[in-house]
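*Asks:* Quick paste of what TrEMBL says about this protein:
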type: COMPBIAS; residues: B:414-426; note: compositional bias 'Basic and acidic residues'
type: DOMAIN; residues: B:359-445; note: domain 'Sof1-like protein'
type: REGION; residues: B:410-450; note: region 'Disordered'
type: REPEAT; residues: B:62-104; note: repeat 'WD'
type: REPEAT; residues: B:105-138; note: repeat 'WD'
type: REPEAT; residues: B:197-239; note: repeat 'WD'
type: REPEAT; residues: B:283-314; note: repeat 'WD'
type: REPEAT; residues: B:326-367; note: repeat 'WD'
């Protein structure tokens, strides 16, 4: 428990509210030592409580294991501190400048030529508005124009890979596990095309789909449609896994939580529901907005969720507690949201895009950056590029790619997604992804519970309540709100009794005299009473 | 205004030439590796399944004997050398790497009952039903096959009065012990035993020297006894009588005060030689008498061969077998040996063949690349971590058994359950405390004699 508490405070201090935390607890060495803070990140929670274990052998084994885990955490922390090859981007204002006033032109002028090439504008007036998606390593971009225009490009090289016109309404596009295939939500069905633009599959089970999402760990393609049905299809086996009726009408908002692969849907009645393919009912249903929900976005660690509604608000939620954190007003109702790997929040409303930094953990007063696409065109879709400081905007007049310093994760993991992967690496990676494919049964709200001990429901609830109470107490104590516990003995704190107690402690001359008198009286009484003590106790009541 | 964006030059992140290795970058941030528990579990499950796929323990059969293989011995000085004796009296020396015979010895008139190689690895002794113990020379290292040479003659022949049942060589000295009507200790340079031990009138059927305490050896006898002897004294040390006969005995080479016996009642019993009151462990699983057992040189596990036509591998402290080996053609197993590098298991059976098995059924043999080693270590630790999860446990524990063995196992279990239930009921209807619980580890012990 103790360790956990420490960890909680640590997590706080690593967040953006760090400055406050540091000034408060300068004495705390751990917050000052960056290695220790980093180490906490890799420790993955507190180990088992060894104190109560009586089995010596088990205790020894656990001690050794814990030591190993500790060492691994230290090594990982040191690696992060010293060995990672790249550093993240940043944008800082000097003097009276404000970062939100920097235009793309000024930023592009300041950065190197390869980065400058990443900011571009594609004028595609006739076939928009456009939706778009990056593949998992951010090398390729697929765009889909409302009027049937589909294209994949190697956007860094400005190279068009394939382009086709499907002569049908296109509502959404999504890459599958790699750039070789992408799914398109068309007028009637979902279609899968390959890199050459050849139609590979027509998924007739998905009827008039509105929005698509791909669950990369489970190889599942999720779609929502006009009737408000959520469908899951396994793209590795082709099996139609499940279709769930939301009973909440047309649903065009769908987003996966990358932390646990639970899918969130936004509905017209203002609720956000979260689904796993294993349950016919939503795991969570929360009322988020007055009026329809327009967009949802999750942060990569699965801690916060941002939602926007027709009511013009952008709300930030704690998805672990399902409670609101704070909200922002969008200039007009936000149409789409996205959260970058480093936690920047992009909000589009009308033809403008606002980008907020640290907006998830604490309420910010002004945006980090702002951008406006060409006049008269509405922003349709937003996508942060993974491992790059780039935001792609799909709008009525085409697509624009803008530079957002500090958006992407600077250091990639070659075994997760490698922007520079070779053909062979891609093939090998595909095989490994398929071998590591997770079963849909593993989609649960808390992914840490896989492989953990299953507790009874009541026990679970008890520990949850305890944890919640402790956490709340800790927060209250920190904020100075903690109410002192009431004393249980009644009546001792009455004002009259307090006065009497106080008086009884004052020694006066008179009191001393009285006390002496009393003592003498008692002595005299005792002497008189002494002979009567000879009588047996049982006969005392007959004494006169 | 200060601005920096992520800008990577391709040269830094890709290899220069085709011959170079691809550059690999790691970022261990948990944020980039979501759902790691689920991934680990999936990998552990896959590793368990793959282990099943790769579990091909049978490497080959050494055929050549014309009758059932009755005894085997390994050379303490050479890894690839195996001696085997058969019921028709023939003794063969095998080269294990090439799986062929190096030498053939005429052996005995009746069955060869015991074989043991001297600690110097130059000669070996054999004993048999023809009441003789014979001393033979082993070919020196590097000498080619002598299969077709003229029949070899024993260096010495020792005549006894009764048939011999077992022989074992001392671990360091030039002394060996034979078991038969009594226990004899021989010096190969003398024609008569140097000392003779007897306790009771029944036959002694196996004998093994203690690897650590060089003068102590253990025997099992057909009077259901397990006895300890000391070469320095003229009388036996201690004796333990069990309910059924122990067919063979083997010392744990790493904890040499512990030994295990293979019993006629289908189980093996481990004992601490300092405490005969209780067995340290009962190893169950066989459905017929255990004929022979041998410890791995690591002392962590031992192999048993049984009359039920299976070979099993047990952990030294494991109640049930880790591995069960059987083939359609393998008959009653009379002798088993663990190879001196703990990698292979050998079994000699009634069907005249010696079979060579891997000690770990799914192990990849041969020289491994570092990458392969790492992969194996990783999947091993994953399996260890998730071994208690039901699906993994089920897959890991499942062994296909021949129908008769499976059915016999079921039957034994049913009988055991019934007995237990009966006892429980009896206890429930008796006066409290009148029926004491006896540990299963004590139940089979009849008496302990000094």
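If you go along the chain as it appears here, the first residue is 1 and each next one adds 1.
Even glycines carry a Cβ here, placed using N, Cα and C.
Just tell me what is around each of these and how deep it sits.
*Replies:* Long-range contacts of the compositional bias 'Basic and acidic residues' (B:414-426) within the same chain: residues 435, each at least 6 residues beyond the stretch ends and with a Cβ under 8 Å from a Cβ of the stretch.
DSSP states for the domain 'Sof1-like protein' (B:359-445), grouped as helix (H, G, I), strand (E, B) and coil, give 54 helix, 1 strand, 32 coil.
Averaged across the repeat 'WD' (B:62-104), the predicted model reaches a pLDDT of 93.
When Cβ-Cβ distances below 8 Å are used as the criterion, the repeat 'WD' (B:105-138) is approached by residues 67, 70-78, 81, 83-93, 151-152, 154-174, 176, 178-180, 186, 188 of the same chain, each at least six residues removed from its ends.
Taking Cβ pairs closer than 8 Å, the repeat 'WD' (B:197-239) reaches residues 165-173, 175, 177-185, 245-251, 253, 256-257, 259, 261, 271, 273, 276, 446, 448-450 in its own chain, all 6 or more past its ends.
Within its own chain, the repeat 'WD' (B:326-367) is flanked in space by residues 50-52, 54-63, 65-74, 76, 79, 82, 84, 86, 94, 96, 99, 291-298, 301-307, 309-311, 313, 376, 401-402, 405, which lie at least six positions past its ends and keep a Cβ under 8 Å from the stretch.
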*Asks:* Let's see if you can do this one: DSSP helix, strand and coil counts over the repeat 'WD' (B:105-138), in that order.
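*Replies:* The counts are 0 helix, 19 strand, 15 coil.
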*Asks:* When DSSP states are grouped into helix, strand and coil, how many residues of the repeat 'WD' (B:283-314) land in each?
*Replies:* 0 helix, 18 strand, 14 coil
*Asks:* Using a Cβ-Cβ cut-off of under 8 Å, list the residues of the same chain that are 6+ residues beyond the ends of the repeat 'WD' (B:283-314) and lie near it.
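*Replies:* Sequence-remote neighbours of the repeat 'WD' (B:283-314) are 247-248, 250-255, 260-270, 320-326, 330-338, 340-342, 345, 347-349, 355, 357, 359, 401-402, 405, 408-409, 412.
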*Asks:* DSSP helix, strand and coil counts for the repeat 'WD' (B:62-104)?
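*Replies:* Result for the repeat 'WD' (B:62-104), in helix, strand, coil order: 0 helix, 24 strand, 19 coil.
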